[in-house]
């Protein structure tokens, strides 16, 4: 898998010098972990589950990093969209329990797909409102952005409490996706496989849109120099809003994946994952989708390996990674905008 | 005399002065003014949060740094005193040693974080501190052999501070004078002294440099001030004060644990208190802290009354549920960032000028 990312990333960024050095990090990490763990089958199971976790983090973090890259807005309220997406998915899945509990995988998947689509569209629409009400007045003022999006997060979390109640909700996986596929000694949870597929689709989709379409060209140009793009006569504000909506939608999708992964749901669901998301976004370089992907894979690999080797220091190890990366490259692995 | 005590930074508004005097009077006489354990607890909490919020204001208001790791330092203070007393017994020596070690550890950690990340933008720093603080909280709950995990640590305090210790044989103004009252005044005097020292600090030339950095980092740099150095010192000072606040809080509660010192909710509360009270004015910390703790304690009761009135109506009933008081404060927070970016104190001062 790590080899595949190493091959895929350079091919997707044409006509630009690709910095290969950071791509070696996950490979080195994986080989190092193999030596420490010893058993190849355990290592493979850990690596695969780490990749699934990495994909979930990527889906959540990609929207945030894109919003920062283009709009120079860091959305501390991103976690609210994760939680709202998860609650929307739960609301959709509740009446579909028939579809969820049959043995037919097609029915299971279509229920999940429906929930994911509603969650994505719903949070996307909410993102539009959020941009209008919360963020638009504070463009270009970082301090206020942090404060106001934090305020938005508090309000959203409390509102979720008020609407859905504060207790923990169950969010079971459909029958067809429970359990694991066992090949020899390697156990591979079915749901994680699905998550890997979704994550890769999102990543490839984003890279295609960013690199092969006119909109993508404008977005990339806007990240480089938004005034210039505006001067050329493009309405970058609309692009801003579009990107914000997509970013929020991706958070909703990521929230759905995350809630199903944990199989429980509370209004504070985003709090644990947001730390990882922040670390990933910082490691990758704010605004860089490729860096975000690499960062998510790195953080997930490290977290899973260290959870196996020294359980108590799983989270500490990811922060250490962040510190080391920042010492090496203060702007993250793939710095984008020179702000 | 008063001018010297307040470092020439007077409230500059008659109404504000009156409110501040009222708060000072209330806090100074709280144990005798209102009887009952809950009132004195609230007063002590207000005092400690005034110090904590003031220390955060050095960062946010005076230097323009957004840190989410402030509760980490609060926690370090709490655990320093708490664990020292837990393992070494209820002596003053243990408390002093714990506080001193916590202070050294906290300030060192702040210096490291500062040096590592203050070169980066505000947004970066906010995210990095959030990550570090979360990891610290997780680590504390996982190292339960020492810290007591989620349960925290209860401990005994020196005899003079215990409720069973009688200072005067007869009650004073109808209130029995016990060790609890000694403890309260210990907190009161410490907070008052540290607050005045902080006021002195932000009104010194050093404090002016911090404000210059807040207003225009490049210009300050161009004037020859080493911005990173000043920011790191501000981070360390603020961390040190937070450590002391944590130590006092542990001493008052006779308990230390994640919920009272480290939880992210406390971080949010500090942020709300600073912004609503008024950033960059230490008096804002007094107003914000007092209002907020009072609201926390009494708004919930008020909401409880309101909720019973509208019980039949579905969503309104949920919104007015006592546990949802934070929702109302959150909306208030967003509104105040928009419309009163200078907070209550800034607004009052503006109206005085006009």
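Positions of Cβ are set from backbone N, Cα and C atoms, glycine also.
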Given ranges A:169-188, A:309-328, the stretch to which TrEMBL attaches the annotation transmembrane segment: A:309-328
Cβ-Cβ under 8 Å with the transmembrane segment (A:112-134): same-chain residues at least 6 beyond its ends: 77, 81, 84-86, 88-93, 96, 148-149, 151-152, 174, 177, 240-241, 244-253, 255-257, 260
Recorded stretches the transmembrane segment (A:273-302) and the transmembrane segment (A:191-210) touching, at least 3 CB pairs under 8 Å: yes
Beyond the flanks of the transmembrane segment (A:80-100) by at least 6 residues, Cβ under 8 Å: 60, 107-108, 110-112, 114-116, 118-120, 122-123, 126-127, 130, 152-153, 156-157, 160, 164, 169, 171-172, 174-175, 248, 251-256, 258-260, 265, 267-270, 273-274
